[in-house]
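Visitor: The structure is given below, and queries will be raised subsequently.
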Amino acid sequence: MSRKIEGFLLLLLFGYEATLGLSSTEDEGEDPWYQKACKCDCQGGPNALWSAGATSLDCIPECPYHKPLGFESGEVTPDQITCSNPEQYVGWYSSWTANKARLNSQGFGCAWLSKFQDSSQWLQIDLKEIKVISGILTQGRCDIDEWMTKYSVQYRTDERLNWIYYKDQTGNNRVFYGNSDRTSTVQNLLRPPIISRFIRLIPLGWHVRIAIRMELLECVSKCA
């Protein structure tokens, strides 16, 4: 997708109003799911997030307000979440499919467990349409000490296109650090956000076994 199209999508996005957001800073122990007043600095001024005629992601290094996409709430449907080697999920593993990768899920089958433990495994989300994704939340398995310790992210706007790795400032594939226990939620914000339809998490490290509960954060505009 060209920079001009990306810019146009962001311009449309930030033209809408939003009244509910998540803090764009890392959670330091307080509940991140709270209402926050909007500031009207979307255009003009030294802290502007968007300026007239802007056509690149450089104009929006980070998203100020976020909302959960719907893994935990169920708005993200089972058919939107897929994984590597789906045909292997039979017997005991049939309770630990990709659809179980939902933040704060509890009980038996509370996470996605990869059948194989190597860096060729993946968890994929089809957003059904192009969205602006600004963050990723992860947890480990709820009942046993198994979790993902680090991962990379791929994305693409169309299933006919090749996957693109999310890069760091040096141009290398960015490594996101994940969990260190089974219960804590680790938040990684995307600066800049990803504008895409398909998102993949590629586990690069894990404790005992690849186990993921997750949520995606969608970027929403500031109030007009």
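Start at 1 and count along the chain as shown; that gives each residue its number.
Every residue, even glycine, has its Cβ placed from backbone N, Cα and C.
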Visitor: Could you tell me which of CYS40, CYS42, CYS59, CYS63 is bonded to CYS219 by a disulfide, according to Swiss-Prot?
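Guide: Here Swiss-Prot pairs CYS219 in a disulfide with CYS63.
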Visitor: Counting other Cβ atoms within 10 Å of each Cβ, which of the disulfide-bonded residues CYS63, CYS110, CYS142, CYS219 scores lowest?
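Guide: Candidates: the disulfide-bonded residues CYS63, CYS110, CYS142, CYS219. Fewest Cβ atoms within 10 Å: CYS142.
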